[in-house]
Amino acid sequence: MAIETVSLVSLASCVLFATLSVVLGHFVLGKNVRSIERWVLTWMVYDALTHFLLEGPFVIFSLAGSVNASESTLSLLWKEYGKADSRWLYSDPTIVSLEILTVVLDGLLCLVVIAGIMTKGYYRHFAQVVLCVCELYGGWMTFCPEWLSGNKNLNTSSFLYLWIYLILMNGIWVVVPALLLIQSWYEMKDAFTLKADADGRSRQDRRNDDKSSSSASARKRKDR
């Protein structure tokens, strides 16, 4: 029963974060932006909440000892996840290193992207690309070493551990960053195209001005 209760609390915390993210992303931060940007804001809020409020404590537990040794109530969520991937229980150096990077760099980049969307900042898509690459790299480095070593720390014996904890809760940080990279690609391509067109028109205008000046000079000489 205790395991089932912690599992429900873990899933409920994700639902709570998602609900709060929709409210903030759609109705508070995103009320004056395009529909697609509201969804991006929603994800960035969810991403930031997860990095700071869930993964942040994990880093603290791990640097102070380990999740398994912690008596904090919040550590119960990570002990539950650790049933699917035991590396999170015993401060695996690779996992802790990635999580430090995730909390500090990715968490801050989420805030930068949010600010960029709200202010239409020129830096927005650069920050979004860096964030997405970092998160995809983090996912790769979390699981590739484990796959190469034979998955000895992964427990895939139940639907909850395999499909919810390992695949869904990690897969979302592969799918969404990949989609956001595609969005940034098209946005930067469109911006480059507009700039190239504007530069082309500017050069054409200068040529037309030169031709007009030359024609005016020729008429003046003829009049003389």
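Along the chain as shown, residues are numbered 1 onward.
Each residue, glycine too, has its Cβ placed from N, Cα and C.
Keep in mind that TrEMBL annotations are predicted by a computer and have not been checked by a curator.
A Cβ distance under 8 Å defines the sequence-distant neighbours of the transmembrane segment (6-29), meaning residues of its chain 6+ beyond its ends; these are 38-46, 49-50, 53-54, 76-77, 79-81, 114, 117-118, 160, 164, 169. For 6-29 (among others), the entry in TrEMBL reads transmembrane segment.
Here TrEMBL flags 36-181 as domain 'EXPERA'.
As annotated by TrEMBL, transmembrane segment applies to 95-117 (among others).
Among the features that TrEMBL reports, transmembrane segment is placed at 129-148 (among others).
Within its own chain, the transmembrane segment (160-182) is flanked in space by residues 7, 11, 14, 40, 43, 81, 83-85, 128-129, 131-133, 135-136, 138-139, 142-143, 154, which lie at least six positions past its ends and keep a Cβ under 8 Å from the stretch. Annotation source TrEMBL lists transmembrane segment at 160-182 (among others).
Annotated compositional bias 'Basic and acidic residues' per TrEMBL: 200-212, in sequence order.
Per TrEMBL, region 'Disordered' is recorded for 200-224.
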